[in-house]
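Visitor: One structure, pasted below without further comment.
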Amino acid sequence: MKKISNNIFLMMLIFGTLVTISSNSWLGAWMGLEINLLSFIPLMNDNKKNLLTSESSLKYFLTQAFASSILLFAIIMLMFFYNNNMNLYNSFNELLILSTLLLKSGAAPFHFWFPEVMEGLSWINGLILMTWQKIAPLMLISYNFIYKFFMITIILSMLIGSLGGLNQTSIRKLMAFSSINHLGWMLLAMMNNEMLWMIYFLLYSLLSFSIVLMFNNFKLFYFNQIFNMSMMNPIVKLFIFLNLLSLGGLPPFLGFLPKWLVIQNLVTMNQLFILTISVCLTLITLYFYLRLSYSIFMLNYQKNSWLLKNNFNNKLSFTSLIFNFISISGLLMMSMIYVVM
């Protein structure tokens, strides 16, 4: 019965997003966001034993409901000013709508709820929050563009996303701050090119799915679990950290491709100032991924010579292997195909 209800809520979640992105009015888009919100709350509460799950779902509901109420207020004001031929709506209302949409997507400086909510979720729900739940707000943000406010949001998202992950011991919080950093890149891609942010989002979703699948498979939530797993297959550890480096955007992995496209676009548009800041802040995220990889492979690697048999699941699923292969060697394969063609 629980599985059937979860499937219904998942279908409603997808339906809510589709309503938002296909709507031709702000009110229709708001309705889609509400359907999406109210169908995600029961999915978050799938584990009754975990108290953090209830706390996370409550935090998520309050934040999203607050954003939705302000969005509805801004839409009503927009309609009122438009019908009375008043020009006041242009600046203030656009800023109000953009702020609520950034709050819904979890971009800085409205990111405060995102790492806290992520901490209490299961890996699958966390993946939905990091990927699918961003589609509708990002689509609406692309319709409502304010250049100066956008620049502040992009720089803050990258700064908080990179510095916030430096002192973390929880993998879920690290993924949340990584998501905030990637959101900054998506907004940067959106500034000049409508299609570019969608390509970035698709590749980010693919990389996130690949690594979350592994974390979920081995039930990894904190760094010390990886440090202490001396029985874990070294190949599995290698896959986990190659995936992390790919997510950080290190060449020659697939994660570098979307950043490469954005950098090329910014160079073409001659926006070198924001490009320099973005690259420098992304290097910080790479630093904490590399620091983690070094500590595990060089300083803190243990192997038991006396325990030959263990019950620990060392095997990767076939799906996980395929996604790992795409994540790690996707860019090289695409480059080879491009050279041959």
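Each Cβ is built from the backbone N, Cα and C atoms, and glycine gets one as well.
Please treat TrEMBL annotations as automatic predictions, because they have not gone through curation.
When I checked TrEMBL for this same protein, it listed these features:
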type     : residues : note
DOMAIN   : 23-285   : domain 'NADH:quinone oxidoreductase/Mrp antiporter transmembrane'
DOMAIN   : 286-338  : domain 'NADH dehydrogenase subunit 2 C-terminal'
TRANSMEM : 12-41    : transmembrane segment
TRANSMEM : 61-83    : transmembrane segment
TRANSMEM : 95-114   : transmembrane segment
TRANSMEM : 145-167  : transmembrane segment
TRANSMEM : 174-191  : transmembrane segment
TRANSMEM : 197-215  : transmembrane segment
TRANSMEM : 235-257  : transmembrane segment
TRANSMEM : 269-290  : transmembrane segment
TRANSMEM : 316-340  : transmembrane segment
Visitor: So if I exclude everything within five residues of the ends of the transmembrane segment (235-257), which remaining residues of that chain have a CB under 8 angstroms from its CBs? That is, six or more out.
Guide: 178, 203, 206-208, 210-211, 214-215, 218, 220, 226, 282, 285-286, 289-290, 292-293, 296-297, 314, 316, 324, 326-332, 334
Visitor: Tell me whether the transmembrane segment (145-167) sits in contact with the transmembrane segment (269-290), defined here as at least 3 Cβ pairs under 8 Å among residues 6 or more apart in sequence.
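Guide: Taking Cβ pairs at least 6 residues apart, the transmembrane segment (269-290) and the transmembrane segment (145-167) are in contact, with 3 or more under 8 Å.
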Visitor: Could you check whether the transmembrane segment (269-290) packs against the transmembrane segment (174-191) - three or more CB pairs closer than 8 Å, residues at least 6 apart in sequence?
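Guide: Since 3 or more Cβ pairs under 8 Å link them, the transmembrane segment (269-290) and the transmembrane segment (174-191) do come into contact.
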Visitor: Please report, as numbers and ranges, the same-chain residues at least 6 past the borders of the transmembrane segment (95-114) whose CB is under 8 Å from any CB of it.
Guide: 26, 33, 59-60, 63-64, 66-68, 70-71, 73-75, 77-78, 134, 136-138, 140-141, 144, 146, 149, 153, 156-157, 159-161, 176, 179-180, 183-184, 187
Visitor: Mind checking which residues reach the transmembrane segment (316-340)? Cβ under 8 Å, same chain, six or more beyond either end.
Guide: 206-207, 209-211, 213-214, 217, 236, 239, 242-243, 246, 251-257
